[in-house]
Amino acid sequence: MAPSSKSERNSGAGSGGGGPGGAGGKRAAGRRREHVLKQLERVKISGQLSPRLFRKLPPRVCVSLKNIVDEDFLYAGHIFLGFSKCGRYVLSYTSSSGDDDFSFYIYHLYWWEFNVHSKLKLVRQVRLFQDEEIYSDLYLTVCEWPSDASKVIVFGFNTRSANGMLMNMMVMSDENHRDIYISTVAVPPPGRCAACRDASRAHPGDPSAQCLRHGFMLHTKYQVVYPFPTFQPAFQLKKDQVVLLNTSYSLVACAVSVHSAGDSSFCQILYDHTTYPPAPPSPPGPQSPELPPVLPSLCPEAAPAWPSGPPDPSPAIAKAKEFVADIFRRAKEAKGGTSEEVRPPPCPGPSGSRCRLPSEPLGPGGEAVPRDSPPAAEAPAPEPGYVNYTKLYYVLGSGEGTEPEDEFEDDKISLPFVVTDLRGRNLRPMREQAVVQGQYLTVEQLTLDFEYVINEVIRHDATWGHQFCSFSDYDIVILEVCPETNQVLINIGLLLLAFPSPTEEGQLRPKTYHTSLKVAWDLNTGIFVTVSVGDLTEVKGQTSGSVWSSYRKSCVDMVMKWLVPESSGRYVNRMTNEALHKGCSLKVLADSERYTWIVL
């Protein structure tokens, strides 16, 4: 779309193509000129401001990229991705590799300060995916959290095989494996803080001299297997400061934050054993069997200090609960209450764990205390067998008081992270916060083991559990994330071997079936709750690819059917190089909130 102008409008009014007498042109113009008030009225219904509210923008808010960037940068291969959420920066990246088959790709990310009346000003350049040897061009996606503007996260997907000869010689991953590269980078601040000024004085003339809060980089890499996990940034980044990573074998919730020594406002983001306060007792009366499970947990940063009386839940909490409840109620009604058995959370959990009833008080360590037992100082509840929690503090220094790196190499569960500052200096991990001085970066990881969860759900909650033999493959899709309650609702598609139902006579050999398990995972306690278990559907003549394709389509349909539009400010900003891989280019870089375009 080109910017509109008066001459365009005049010439367009005088031409009436599209049919005899220009009738087709008039009808098209009528469709294009729908009144703005009507479009705004649709906002009330849909909850979102359509990006096509205005089909064209006036020239005064449209600038050409060639006019604001020196040609040298364009010839250097800069790929411009888009605006940051704040509208202050435009982001671009470059990739470079040698001419021979043994060269690997090097990626750099750039922040440009944008002013509609002047040229772009380069304010930061960083190298992505710290020293990884990447032998094929990557699909890149740069994302920003809904409200956390302090950092961005960059995903690199290796979806195409490298050179065939190189594959054979280097014994690289085959078609059943894909590499995922991730870098989390601090965003340049609008102004220098006191710590940044101290760093500049210590290293005069070095533009990369920044404090840790405004100058850290965190990198990791992992490999996924078929069926390759879906990329869902709208859900994976829905909770600020947290990213959910599907590694094919586990779901890893990672939280990254920067603090200063002695900071009293430090708050653990994951696995803090807090739950939502008990709801006020409901009046006596029969409860409807249609009532779906309610997810009662509340994230610590959103939980105020409750008074002694019964608290009134915030509108956001009530809306989140109502939304989740409506999903399960309608899903059960749509299925006629037969294909999936909806189970409420207050039930004995796997591995001896117990889900807290909404009316039970919370004991030490996040453990539920029955009403008839007096409160007492008990030991914290043991960590469930299906989760693993780690927290490391990364600091700059000479290494005094830090653990040897070999200590962390044996950890096969947590993702390995490399943390550096902008000057390329590695930060060293520590387990104890007490010995930290100055600024430090905290990385929390809470890992949910998929296979453990699958076995526990089948053993405790599946009505067909006695028929089950083994499962051969599974696929995980996130259906919803509630940042208010810290609940993650996931769907586990499962291919398994099971004996036929006893009603089928003469069938003594196991068959291949497909089913789905829905569980809700609490990021505060680490405990999962079985939401529903699907019936067994026999796989007859279908390939695994067609099974997973149908399964993912059903997940998309479910998500879209119950989608609640986010407010205009609470969305995950996403910029990709997808157009480049399709062999085309974006037409404009649009800042939809401030109605500004950069025409490419």
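The backbone N, Cα and C atoms fix where each Cβ goes, glycine too.
What Swiss-Prot says about this protein:
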| type | residues | note |
| --- | --- | --- |
| BINDING | Cys193, Cys196, Cys211, His214 | Zn(2+) binding site |
| COMPBIAS | 13-27 | compositional bias 'Gly residues' |
| COMPBIAS | 296-306 | compositional bias 'Low complexity' |
| COMPBIAS | 333-343 | compositional bias 'Basic and acidic residues' |
| MOD_RES | Ser50 | phosphoserine |
| MOD_RES | Ser314 | phosphoserine |
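Feature annotations (Swiss-Prot) mapped to structure.
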residue	record	Cβ neighbours (10 Å)
Cys193	Zn(2+) binding site	13
Cys196	Zn(2+) binding site	19
Cys211	Zn(2+) binding site	24
His214	Zn(2+) binding site	22
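A helical conformation is recorded for Cys196 (Zn(2+) binding site) in the three-state DSSP classification. The record gives Cys193, Cys196, Cys211, His214 for Zn(2+). Within 8 Å of the mean position of their Cβ atoms, the other Cβ atoms in that chain belong to Pro189, Arg192, Ala194, Ala195, Arg197, Ala199, Gln210, Leu212, Arg213, Gly215. In the three-state DSSP classification, His214 (Zn(2+) binding site) falls within coil.
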